[in-house]
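> One structure, as structure tokens, below. Some questions next.
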Amino acid sequence: MAVVVILVLLALGSVLFHVLSPWWWTPIASNWNYIDNTIIITFWITGFAFVAVVLFMAYCVLRFRHRPGATADYEPENRRLESWLATGTTLGVAAMLTPGLFVWHQFITVPEGATEVEVVGQQWLWSFRLSGADGKLGTTEARDVTPENTLGLNRNDAAGLDDLIIEGGELHLPVGKPVKILLRSVDVLHDFYVPEFRAKMDMVPGMVTYFWLTPTRTGTFEILCAELCGTGHPQMRGTVVVDTEEDYRTWLSEQQTFSQLSASASSGASKATAVAAATAQ
Amino acid sequence: MTIATVFLAAVAAVIVWWLAHQQLLSKPWLEVGHAYDRRREPMPPAKIGLAVFLAVVGSLFSLAISAYFMRMASSDWGQLPLPGLLWINTGILALGSVALHAAKLESQRRHDEATRTILLAALATGLAFLTGQVLAWRALTAAGYFLAGNPANSFFYMLTGMHGLHIVGGLFALGRLTARAWSVPLDRRMRLSIELCAIYWHFMLLVWLVLFGLFSGWAGNVVDFCRQLLT
Amino acid sequence: MVDVRSGIGEALPPPEVEDVELYHPHSWWTRYVFSQDAKVIAIQYGTTATAIGMVALALSWLIRLQLGFPGTFELIDADAYYQFITMHGMIMVIYLLTALFLGGFGNYLIPLMVGARDMVFPYANMLSYWIYLLAVLVLVASFFAPGGPTGAGWTLYPPQAVLSGTPGGKDWGIILMLSSLIIFIIGFTMGGLNYVVTVLQGRARGMTLMRMPLTVWGIFTATVMALLAFPALFVACVMMLFDRLLGTSFFMPAIIEMGEQLQYGGGSPILFQHLFWFFGHPEVYIVALPAFGIVSDLISTHARKNIFGYRMMVWAIVIIGGLSFIVWAHHMYVSGMNPYFGFFFATTTLIIAVPTAIKVYNWVLTLWRGNIHLTLPMLFALAFIVTFVNGGLTGLFLGNVVVDVPLSDTMFVVAHFHMVMGVAPIMVIFGAIYHWYPKITGRMLNEVLGHIHFWVTFIGAYAIFFPMHYVGLVGVPRRYYELGETTFVPESVHDLNAFITVAALIVGAAQIVFLFNLAWSLRHGREAGGNPWRATTLEWQTPETPPPHGNWGKELPVVYRWAYDYSVPGAPEDFIPQNHPTPGRLSHEGAS
């Protein structure tokens, strides 16, 4: 009998925990509320299935537990029941998969005119690169990485000279504008993860990965690394600030270009190398 | 992973074909009595065991070949020139395969003396093949094609090495068998062992031919051709 | 429909199953140590797996202590923490679960359940265990090697796995880990050939495939899958060893390590992930399918009712096994692979849910109108269904590509896979041990200790992993040594983490009760007799208990019926053993 009580308590307790617990996702700050909606649909369907199965089991144990003289039925199969259950399950699965695939299609289709922003991961630091006046990001090459050029920009590519480089600082994004985030790593796997954006993607050395989003509210959010990248993995934090258009322009004008940074680096003490040296220790 | 998936699909087809003969649609609760067991003349377990093992080996090589094609797509790939010696090695391996096939036939005809001689010859071809492979490696390193120099080189050494180790394992079994064959008269079990060795050798020859085709670039052309057919 | 159907098909001659010539031990050493008897090998596998499993359990305590009370224990620094999670994961998945289900239960049950005297290749079977032991020892050696074991996470992703930023990356840790896996796979292949060929060739007369207990079906299918999937891990390990030791660039792109250019170039880390998960996903089912099979038999026996929809159960096992080879990339939705693969892999992944759900329905429908004896094996079977359904349903979140994006690499994933391939299969292992211990030793396990063990383990494990999903939902990433200061995680999550840790410590301690019970009952347990559960399958019909070498005495059993003749109407008892030759019986067919 204890089993029946425990099974019922477990099913109901799980539902109560879900409803009453203060632990829920952090308020969203991007256009991916579609993802949240798909999760909620999935919660409804799976929650129903879980409670139904456990309560049915509890009922069976209560009703058909061994009593002296009782015998079990002999019922090898029941094709009609089995096909009903299989059909119901298939419908439930389809109800979760279909919206999921539609949202995925949106997720991987970057809208025309999205601004490209590059995020570069290295152990254990985030850097960012925005296109300069020409609106284009220059090419990069891991072989070109030096203490003065930690992002490995190609010096012979004119498109890269005016790129804005932010090492270890904050990334700012304008609110309401779609951004395509290009992800790159110069050492190991990392994963660009901002909980409020919902989206995340691995950064793989040797290739460029991407995802896109439209920030929907201003604020300061934390960047975490979500792919185990060595001992310093949990310390690999950064900040992304979603600004109004006006604030964003101001911030943009304060950033240094690649050629400015190179010039100051060759003159000696550069903030960038100091940061790089600090992380190398 | 296409190659590995295709290989596994072939294995799956064999499994499905076999399952189709096992009355999976019958209702076992309605059938009482031992007469429902329709197994006929059973195959020797060792033969089935070898077949399953070869499926495992096939899976190993097809996965490695999948990796080969995926890595090949990268820009730093530089095909290495194959030493002509490999043609001779291929011939020697094929000769070993033929020899073992002959040994199997001779043993079934109860020609014990001939079987023994041919087994020795097969053993010799196996050793010659391995020596030839080592010489090919040396020729390549002498020409500056080192293991870590280029991914094509790495795959060449790794795949030939893996194949070579399988031949070494085969030679170990074949050596024991030959030694026993020379000391006692051939019986049913030993004839079975000879047959198993022959099957193993044919399979290893097949694997080698695939690898050889891969290194010489033909396999790549075939794959490209298949892609064109599909698109 | 009531029909008398015996005697149909008598026209065909009964097939002869050749009796085999047995290996005979000559001394104590060859009887108990270098034994070729599958039952001894099973116990050796079981003991070794349990021993190394206890190490992994202790590691999980240390992991939880750090997560529940960060900064309290100086012993656990970041390096140690990553080494603990890596070893915990690898040991539990490969060296405990795979080895115990296939090497342990497979070896003990396959020959007995199909009516064979032993495995078909006993010598290879013995080698399989000793090679497995070697693999375990190499793994353990890495704890004592300079630099300690690898801390790359159990997925061992390159390039970090072989670089200095990861513990053991430039020391012995990763080398020993990869070597141990290679050795394990070689050993497993030898055992696996045995399990497969014994099922194919060693079945007793009358034992058709559709009369095999689902336990055998589960272990058989899982072994076939393991034989085909482990080569992927083998290739990946060999290639990574080459990269680490010989400087090749299979997986290694051009990399800057701590400001320094390395010699590598052009390799693809994603290639490793494909190979790893091509093995890794079938691996989930390699653990799950034997559990599915065993739990079906436990439920049927202890509910005194035939398993509902036996044929569907068999087909589902085979279909799940096949499908599991084409879903691997659902572990890689956010890995940077071609995003269009997401459509295919999300679809195949969610399709697997259908046969899996059918299995769940059939388990609970077996309880319906049963005669449920709430024995310990039955309790564990019920606990399995609860935890498996819970963990399986959260799999629908993670398999659905777009839902996976926010949840991947969070504690939600950790909670999901622990529930579905940690807790659930281990519930089955416990149930199976309570069920078959009487056959293995001739004595029953103590009931009181068993109930303490069950309740603490079941409720405790649920209390660990159910709330953990919500830690992940909040957004806490997995594999974080410490969360530190964050803006999006409420303070209360730390209390929840502390609660989970306390639950984990209690559940771990309950396993000591279990081990004590195993040892104590060996001498003091109640005498079991040959068939204490009144079960139908062949292993309970051996002439002696525990079964001696050769299992069956003078004559091999002959099988006359399927494995689930419980509560047959008109039968004198509520079970008819598979080797019971009563010629006629009334049989019902379900409404169809």
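Counting begins at 1 with the first residue displayed.
The backbone N, Cα and C atoms fix where each Cβ goes, glycine too.
Any TrEMBL annotation is an automated prediction that lacks curation.
According to TrEMBL, the protein carries these features:
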| type | residues | note |
| --- | --- | --- |
| DOMAIN | C:23-560 | domain 'Cytochrome oxidase subunit I profile' |
| TRANSMEM | C:40-63 | transmembrane segment |
| TRANSMEM | C:83-110 | transmembrane segment |
| TRANSMEM | C:130-152 | transmembrane segment |
| TRANSMEM | C:172-193 | transmembrane segment |
| TRANSMEM | C:214-242 | transmembrane segment |
| TRANSMEM | C:284-300 | transmembrane segment |
| TRANSMEM | C:312-334 | transmembrane segment |
| TRANSMEM | C:340-364 | transmembrane segment |
| TRANSMEM | C:376-399 | transmembrane segment |
| TRANSMEM | C:411-434 | transmembrane segment |
| TRANSMEM | C:454-476 | transmembrane segment |
| TRANSMEM | C:496-516 | transmembrane segment |
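Quick one: how deep are these features, and who are their neighbours?
Within its own chain, the transmembrane segment (C:40-63) has Cβ neighbours under 8 Å at 31-32, 73, 75-76, 80-81, 84-85, 87-88, 91-92, 95-96, 99-100, 103-108, 125-126, 128-129, 132-133, 136, 139-140, 440, 504-505, 508, 511, 515, counting only residues six or more beyond its boundaries.
Among residues of the same chain six or more beyond the transmembrane segment (C:130-152), those with a C-beta under 8 A of the stretch's C-beta atoms are 34, 44-45, 48, 52, 55, 79-83, 85-87, 90-91, 95, 99, 103, 160-161, 166-174, 176-177, 179-181, 183-184, 186-188, 190-191.
Here the transmembrane segment (C:172-193) has Cβ contacts under 8 Å with residues 83, 86, 90, 94-95, 98-99, 102-103, 106-107, 121, 124-125, 127-132, 134-136, 138-139, 141-142, 145-152, 156, 161-162, 166, 223, 226-227, 230-231, 233-234, 237-238, 240-241, 244-245 of the same chain, all six or more residues outside its ends.
When Cβ-Cβ distances below 8 Å are used as the criterion, the transmembrane segment (C:312-334) is approached by residues 210, 214, 217-218, 221-222, 224-225, 228-229, 270, 273-274, 277-278, 280-282, 284-285, 289, 292-293, 296, 341-342, 345-346, 348-349, 351-352, 355-356, 358-359, 362, 398-399, 401, 404-405, 408-409 of the same chain, each at least six residues removed from its ends.
Long-range contacts of the transmembrane segment (C:376-399) within its own chain (CB-CB distance under 8 A, at least 6 residues past either end) are made by residues 291, 295, 298-299, 301-303, 327, 330, 346, 349-350, 352-353, 356-357, 360, 363-364, 407-408, 412-413, 415-421, 423-425, 427-428, 430-432, 434-435, 445, 447, 450-451, 454, 457-458, 461-462, 465-466, 469, 533.
Below 8 angstroms of C-beta separation, residues 92-93, 97, 100-101, 105, 284, 287-288, 290-291, 294-295, 298, 375-381, 383-384, 387-388, 390-392, 394-395, 397-398, 445, 450, 453-454, 457-458, 461-462, 464-466, 468-469, 471-473, 476-478, 514, 518 of the same chain, each at least six residues beyond the ends of the transmembrane segment (C:411-434), sit close to that stretch.
Panel annotation: around the transmembrane segment (C:454-476), residues 376, 379-380, 383, 386-387, 390-391, 394, 406-407, 410-416, 418-419, 422-423, 427, 430, 483, 488-490, 493, 496-497, 499-500, 503-504, 506-507, 509-511, 513-514 of the same chain, lying at least six beyond its termini, place a Cβ under 8 Å from a Cβ of the stretch.
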> Should anything in the same chain at least six residues away from the transmembrane segment (C:214-242) have a Cβ under 8 Å from its Cβ atoms, list it; otherwise answer none.
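Distant Cβ neighbours of the transmembrane segment (C:214-242) are 98, 101-102, 105-106, 109-110, 113-114, 156, 158, 161-162, 174-175, 178-179, 181-182, 185, 188-189, 192-193, 195-196, 199, 248, 250-251, 272, 275-276, 278-280, 282-283, 285-287, 289-294, 296-297, 307, 310, 313-314, 317-318, 321, 324-325, 537, 563.
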> On the 0 to 100 scale, where does the mean pLDDT of the domain 'Cytochrome oxidase subunit I profile' (C:23-560) fall?
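A mean pLDDT of 94 is what the model gives the domain 'Cytochrome oxidase subunit I profile' (C:23-560).
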